[in-house]
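Asks: The following feature annotations were taken from Swiss-Prot:
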CROSSLNK  Lys125  SUMO2 cross-link
CROSSLNK  Lys159  SUMO2 cross-link
CROSSLNK  Lys242  SUMO2 cross-link
DOMAIN    14-86  domain 'KRAB'
MOTIF     170-189  motif 'Nuclear localization signal'
ZN_FING   188-210  zinc finger
ZN_FING   244-266  zinc finger
ZN_FING   272-294  zinc finger
ZN_FING   325-347  zinc finger
ZN_FING   353-375  zinc finger
ZN_FING   381-403  zinc finger
ZN_FING   409-431  zinc finger
ZN_FING   437-459  zinc finger
ZN_FING   465-487  zinc finger
ZN_FING   493-515  zinc finger
ZN_FING   521-543  zinc finger
ZN_FING   549-571  zinc finger
Amino acid sequence: MAPEQREGASQVSVTFEDVAVLFTRDEWKKLDLSQRSLYREVMLENYSNLASMAGFLFTKPKVISLLQQGEDPWQVEKEGPRYFSLGLKCSHRTTKSTQTQDSSFQELIVRKSKRTFAFEPLNMKSENLFIHEGKLEEKWDKNTLTVERSHKNNEFSPKSHREKRSSECKKQISYLSNPPGITPDKRYKCSMCEKTFINTSSLRKHEKNHSGEKLFKCKECSKAFSQSSALIQHQITHTGEKPYVCKECGKAFTLSTSLYKHLRTHTVEKSYRCKECGKSFGQRSGLFIHQKIHARENPHRYNPGRKASASLSGCQRAHSRKKTYLCNECGNTFKSSSSLRYHQRIHTGEKPFRCSECGRAFSQSASLIQHERIHTGEKPYRCGECGKGFTSISRLNRHRIIHTGEKLYNCNECGKALSSHSTLIIHERIHTGEKPCKCKVCGKAFRQSSALIQHQRMHTGERPYKCNECGKTFRCNSSLSNHQRIHTGEKPYQCIECGMSFGQSSALIQHRRIHTGEKPFKCNTCGKTFRQSSSRIAHQRIHTGEKPYECNTCGKLFNYRSSLTNHYKIHVDEDP
């Protein structure tokens, strides 16, 4: 450091307050989820860095405890912030920069995170130091431990000075980051599995996998996580927030990785090319599936795995190494062996997770947890518009369409708009007549798997859905929901024409036909039309002569249940 630059420096102790940003309750409410996520990352990282530098025990600040537990950090106002001093000497650069009241959140966080720290081990000589914004470097003075905190100041750091120090920085970082005898990949080793990490914070995060320690708990569903970033990502499932928006089409996503995959649908980029025929693919899994065609044609000469690797550039291979576990059945790749094992259960049909209440089995533990909520009645996912609760995030997302009216997928046959691609596929089977889900017992086929599962309960006698009020059991959840409205008196389905309310959506659909005059059910014999399917079935008995309703008293037969009910009154009147 030049003498003229040293003159404005002063020595003070570093406290947690120096690297902390605190918000009032009102300020915290104004932050969106991405801003809160950034705040948590900066605060926890700063605390971790200071704690590792201190070398002795100290009281954990309340704001850090709140952040680790997933609580709102403004609650710390009740006690007042408590800070600890590391007892380190801090060189304050002379600065004229001030923090204005109208500074944006991003500027505030970046300003705090730019207060960087640098160390160098004892007996290492390093006369100069180039401060990196937002980076942590180690520098120890020969006799005293110093922490240099840089401020954004044009007078202190003119452009010429930055350029001059730039080349020096590159040399020093290589030396400071990698002291003699210590390789960058083997600084911090896990005692359990001997995996190595380049810094202590990464090692601590990894060790939580062995200890099972999960400090970050969701307030909505009580699910716990070992890392704050995982909790933040999980909380999005409750709020339904989708902060990652595609600039091309406006579609929103909960994860940045989902947005990245989606963006490739807009570009013509197809970076995975088959060397055999030249065909290109946007995703590596697509290339693997395609290469199986060539592998079947010439299995001795062609190796799908090797070809996939050879067809990528050096940079692409570096990215592709992240997914090293390949499914031999379908060609999909996965980041971990556990993810591959979960996936392979789709092909093997293995379902190791069984419900203790009804005996139903699942391939994944998450599916079992979601299913168990049917028995417990737990509904952790709540709609922000109407307050209605749901057992899964997918059901909540389907419900939200009622409020937003968003329907993105149109049927080419009838023009009907649907909210999801999977719903569109099931709907299209109405037009094609396709029924891929077949019952192995009686051979009856269905358009969707959920209908088949409900049907199979007729053969097994299984009725897993029980009413807590009267104990009556049902084969499907929707039947239970409809039944429970008898006890509650709830009628959520209202006709917009006359205001009449109904307990079931099917009853509302039938009622609307009174206003529209629609009669979609036609008799194939005489051409007469009906508003309800049951009315057509009853009418067709006139042509077939079928009389399924028999009087237990006199044995007389009837076409309609209502006719049998009226007939019973004759016997009631005859009784003395």
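Note that Cβ sites are derived from N, Cα and C of the backbone, with glycine treated the same way.
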Asks: Count the CB pairs under 8 A between the zinc finger (437-459) and each of 325-347, 381-403, 409-431, 521-543, then give me the winner.
Replies: 409-431
Asks: In sequence order, which same-chain residues at least six apart have a C-beta under 8 angstroms from Lys242 (SUMO2 cross-link)?
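Replies: Same-chain residues close to Lys242 (SUMO2 cross-link) (Cβ under 8 Å, separated by 6 or more) are Ile236, Ala252, Phe253, Thr254.
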Asks: Taking residues 6+ outside the zinc finger (521-543), which of them lie with a CB under 8 Å of any CB in it?
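Replies: For the zinc finger (521-543), the sequence-distant neighbours (Cβ-Cβ under 8 Å, at least 6 residues beyond its ends) are 510, 513-514, 559-560.
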Asks: DSSP secondary structure for Lys242 (SUMO2 cross-link), reduced to helix/strand/coil, please.
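Replies: The residue in question, Lys242 (SUMO2 cross-link), is coil (DSSP, three-state).
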Asks: So what's near the zinc finger (409-431) in sequence-distant terms, Cβ-Cβ under 8 Å and 6+ beyond its ends?
Replies: 398, 401, 447-448
Asks: Which residues, given as numbers and ranges, are at least 6 beyond the ends of the zinc finger (353-375) yet have a Cβ under 8 Å from it?
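Replies: Sequence-distant neighbours of the zinc finger (353-375): 342, 345-346, 391-392, 462, 464-466, 477.
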